[in-house]
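Per Swiss-Prot, the feature active site, proton donor/acceptor maps to 18. Swiss-Prot lists 18, 19, 20, 21, 22, 23, 49, 50 with the feature NAD(+) binding site. Among the features that Swiss-Prot reports, FAD binding site is placed at 49, 50, 78, 108, 109, 110, 129, 130, 152, 171, 178. If you look up Swiss-Prot, you'll see 110, 189, 286 marked as substrate binding site. According to Swiss-Prot, the compositional bias 'Acidic residues' annotation covers 311-321. If you look up Swiss-Prot, you'll see 120, 301, 358 marked as phosphoserine, on the strength of a large-scale study or a structure entry. Under the heading region 'Disordered', Swiss-Prot lists 308-329.
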């Protein structure tokens, strides 16, 4: 059924949800479990993102098709047209239709740069803007697809948009073109400034359409760092009144930040609904593949809580399957029959023995999380049925053992998180790219012609004289200052460092440099470094040195652009390098170095060398240099396991012997 028709048929307020295709197979399986739980929130539809230039095409199509066929919720697949061949567009639309998907969100996507721009011009692609894609779908497929488009309450920005002001009035002209071309609904970019959205909504109703479905895009605040990161990527302003609710003393406390963030989103929804007199009745959540904050928002929101209440009324308050306290009757088992989740008040010795354990080399730690095997998890009770909607919502909110297990990855952790998490990877979910415009890239990094020029770029980043490199625009963390000189020396020697951290032992969670998580905790870190190194330098110098020490002291992963991989660890191994111990809480892990995530990042990291090379014409010195690095260098990740010896990793790397 089309989103347009569903919208007009639904009288009461509702939500919709965006997901992105995870980078790993286990992440995808865990995401499907999560999406099944979140259907209890009765979303009108879900959307699945499409990577720039079709970089996630196969994963997007697979996830969207699986969701359409198994969730009983209409799926809307994103489709970007810029830098995407017409054949890919046609194939995607045909596969969507055959899978039962009838809703498409037509987007332009990131504009091509460098060689891609020249190629797109020479090929005379029919798709330069989203309006071209809308028009093409409507002309080629008629009413087979309900087509949505994006809107920008604060105005659209290209890259860093140097020297350009965001202008929503200017963007309204383009939005009107998309609607006139046949767009059936509109979803906005994320925002936190309600006044700017309400102004935009009035303009939209006055100048474009009185009744076209318009969905405000909302992103829950899961951590302070990623709150700012998401706002920066989306060019969304943050009102001072919201910023003031996150004083410095709580910014590293993810639980406190999330709690305040839930309150803020509830207030935004309430204000939008009231001040539009209910014209805005659907709220689109950018989930980041996470569930806890959204379930809490829906349950506590005066506008949306009827969703939860109606679920309880439909199922009957006396159904034991609907009570979270009785979920011991609904164990979750893996395909081998292992009980990995159990909410009984008294855990039996047998169950304790069957729980899975992990270790951090010298210290064995029990992790309270849902671990998915290669065969996946399933919910079972005596009747073989799923838990009730009320129970599923309670789980998504993080209540009980099942809830804690289901939301074990609830804080986005980027590419150094657990690759089993649906949220593993970049927070935008759109694939690898240089997240600045061409002009900004040239301003930041110039035109590198020699390896010495590349060293200078990495060193300037470490010195703070430039705030980004092609792989990261987040800037440096405070703890990097503790190993700044060592990292600079490594780069002088040709070890181009991408990521690193110093070691620490039992540091307070309130520490101004290392601090994170709830109060009164103790934090631990192993030193690690990730870097690009010439293959010959790796094979003749660094690898023999690491092999000499052995994997109990130093472990490593290494790979190159051809897909090669080597390690001194056992297959499918991992190392937790940052963890915290907090009162009345299981051990929390925030940084993990593991084989599967390394391989996924290896491919992305080398693709960024190629993207950087495309900024320069073929066969120019800069283009040749960057392509040679792509071809001749390795990516190496090294972990030092004795976190009490805080200097040993850096001494080993800088030792000339």
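We count from 1, first residue shown onward.
Note that Cβ sites are derived from N, Cα and C of the backbone, with glycine treated the same way.
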Assuming the binding residues for NAD(+) are exactly those in the record, 18, 19, 20, 21, 22, 23, 49, 50, what is the maximum CA-CA distance in angstrom, rounded?
16
Candidates 22, 109, 178 (binding-site residues); nearest Cα to residue 189 (substrate binding site) turns out to be 109
Given the recorded positions 18, 23, 50, 286, 301, find the one whose Cα is closest in space to the Cα of residue 78 (FAD binding site).
50
Within 10 A of the CB of residue 189 (substrate binding site), the number of other CB atoms across every chain shown is 19
Across all protein chains in the structure, which of the binding-site residues 19, 78 has the highest Cβ count within 10 Å?
19
Within 10 Å of residue 286 (substrate binding site) (Cα to Cα), which of the recorded positions 18, 19, 23, 50, 109, 301 do you find?
18, 19
Cα-Cα distance linking the residue listed as 'active site, proton donor/acceptor' and residue 50 (NAD(+) binding site), given in Å to the nearest integer:
11
At the level of the C-alpha atoms, what whole-angstrom distance separates residue 22 (NAD(+) binding site) and residue 109 (FAD binding site)?
19
Relative to the Cβ position of residue 18 (active site, proton donor/acceptor), how many further Cβ atoms are located within 10 Å?
23
Residue 109 (FAD binding site), Cβ-centred 10 Å count of other Cβ atoms over all protein chains shown, is 21
